[in-house]
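Participant: Next up is a structure, given as C-alpha cells.
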Amino acid sequence: MNKVNKINAYTCSSFQLHTIMKISFYVVERGFELAAFFTRRTIWIIISILLFLVAAYFILPVSLPLVAALLTALILTPAVNALQRKTKIKRNVAVMLVFTVFVVFIGLSGYYIATKAITQGTQIVENSPQYISDINRAWLNFQRNLEEKYENLPPELVQEINITVTNTLSDLRSNISDRNLIQDITSLISSIPGYLVTFLVYLIALFLFMLELPRLREKLYSYLSERTKEKVNFMTSRLSYVIWGFFKAQFLVSIIIFIVTLIGLLFIAPEVALLMAFIIWLIDFVPIIGSIVILAPWAIFQLIVGDVSTGSKLLILAAVLLIIRRTVEPKVMGKHIGLSPLATLIAMYLGLMLFGVIGFIIGPLLVIAFTSAKEAGIIKLNFKL
C-alpha cells in the first residue's frame with residue numbers, strides 16, 4: 001500500500017512539474033515575441049502617437065478654424081488639380097478661381113439664410129400677440145378640463161395637484177423673470193465680431209493652405225527616406241480617399257435628411273417648408289444636437305397652442321429623421337471610408353466624447369490613419385497572445 005502511494009505521489013509530482021515547465025516555456029516564448037515587438041522604433045512610434053493625441057486633445061478645441069481650413073483645403077485640392085490639368089494654368093490662378101467659387105457659394109448661401117431668417121423672425125414678432133392669445137386660450141382650456149376632472153377625484157389628490165401645478169408655474173415664472181433678455185441680446189451682438197474674426201481667419205488659412213499644400217508636402221518628404229516616403233505616400237493616398245469618402249457619405253446622408261424633411265414639411269407647414277428644411281439640414285450636421293433641436297420646440301409650441309395635429313406630425317418627423325440618421329449613417333460611412341458600421345459608430349462616439357463635435361470627424365479619421373499606417377508597414381502589430 002505504501003508503495004502504491006509513493007508511485008501515485010511520484011506520478012502527480014511529475015505531472016505537476018511537466019505542467020509548470022509547459023507554462024514556463026509558453027511565458028518565455030511569448031515574452032520573446034513581445035520583446036521583439038517592443039523595439040526602439042516601435043516604442044518611439046507609440047510615444048509619438050501618445051504625444052500627438054495629448055497635444056490634439058488640448059490644441060484642437062482652440063484651433064478649430066485652422067483644422068477646418070486644412071480639411072477644406074484637402075477637399076478642394078482635387079478640384080484645383082483637375083482645373084490646373086485641364087486648362088494648363090498656373091496653380092496660383094487655379095487656387096484663386098476655386099477659392100473664389102467657394103467663397104461666392106458660401107456668401108450666397110449665407111445671404112439666403114440670413115434674409116429668410118430675418119423675414120421669418122419679423123413675421124414671428126408681428127404675430128406674437130396672436131401666439132400669446134393662442135397660448136392663453138390653450139391654458140384656459142387646460143384649466144377648464146382639469147377642473148372638470150377634479151370632481152371625480154379625492155380632495156387630497158386635488159390639493160396635491162394644485163400644489164404641484166402652482167409650484168411649477170411659480171418656478172417657470174421665476175425662471176422667465178430671471179432671464180435678462182436685453183443682456184442676452186447684447187451678449188449675442190457683442191459676440192458677432194468674434195465670429196467674424198474667426199471666419200476671416202478660416203478663409204485666410206484656407207487660401208494659404210490651398211497654395212502651400214504641395215510645398216508643405218515636399219518639406220515633409222525631405223525628412224523621409226525613400227522607403228518611408230513610399231509608405232507615407234500610400235498612407236496619404238489612403239487618407240485622401242477616406243476624407244473624400246467621409247464627406248461624400250456625409251453629403252449623401254444629409255441629402256436624404258433634406259429630402260425627407262422637405263417632403264414632410266410640405267405636408268405639415270408648406271409656407272416655411274423650404275427654409276426650415278434647409279435650416280434643419282444644416283443643424284443636422286452637428287451630431288450631438290441634430291434636427292431634434294428645431295423640431296421638438298416647434299412641436300411643443302404647437303401642442304401648447306392646441307394644434308395637436310401639427311405638433312404630433314412634427315414629433316413623428318423628428319423621430320423619423322433620428323432613425324434615419326442613426327441607422328443609415330454608420331452603414332453609408334462604413335461603405336465609403338472602409339470601416340465596418342460598428343467600428344465607424346465606435347470611432348464617432350469616442351471622438352465625440354474626447355474632442356467634442358469635431359471629434360465626430362476626427363474619430364474615424366484617426367482609425368483610418370492607424371489602419372493605413374499598419375497596411376503601409378509604418379506600424380507593425382504581428383504578435384499573438
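Numbering starts at 1 and runs along the chain as it is shown here.
Cβ coordinates are placed from backbone N, Cα and C, and glycine is handled just like the others.
Copied straight from Swiss-Prot:
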type	residues	note
TRANSMEM	42-62	transmembrane segment
TRANSMEM	63-83	transmembrane segment
TRANSMEM	93-113	transmembrane segment
TRANSMEM	191-211	transmembrane segment
TRANSMEM	255-275	transmembrane segment
TRANSMEM	276-296	transmembrane segment
TRANSMEM	304-324	transmembrane segment
TRANSMEM	350-370	transmembrane segment
Participant: Counting Cβ pairs under 8 Å to the transmembrane segment (63-83), which of 191-211, 255-275, 304-324, 350-370 comes out on top?
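Facilitator: Selected stretch: 191-211, with the most Cβ pairs under 8 Å.
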Participant: Count, for each of 42-62, 191-211, 255-275, 304-324, the Cβ pairs lying under 8 Å from the transmembrane segment (350-370), and report the range with the highest count.
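Facilitator: Looking at each of 42-62, 191-211, 255-275, 304-324 in turn, the most contacts to the transmembrane segment (350-370) are made by 42-62.
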Participant: Output the single range from 42-62, 191-211, 304-324 maximising the number of Cβ pairs under 8 Å to the transmembrane segment (255-275).
Facilitator: 304-324
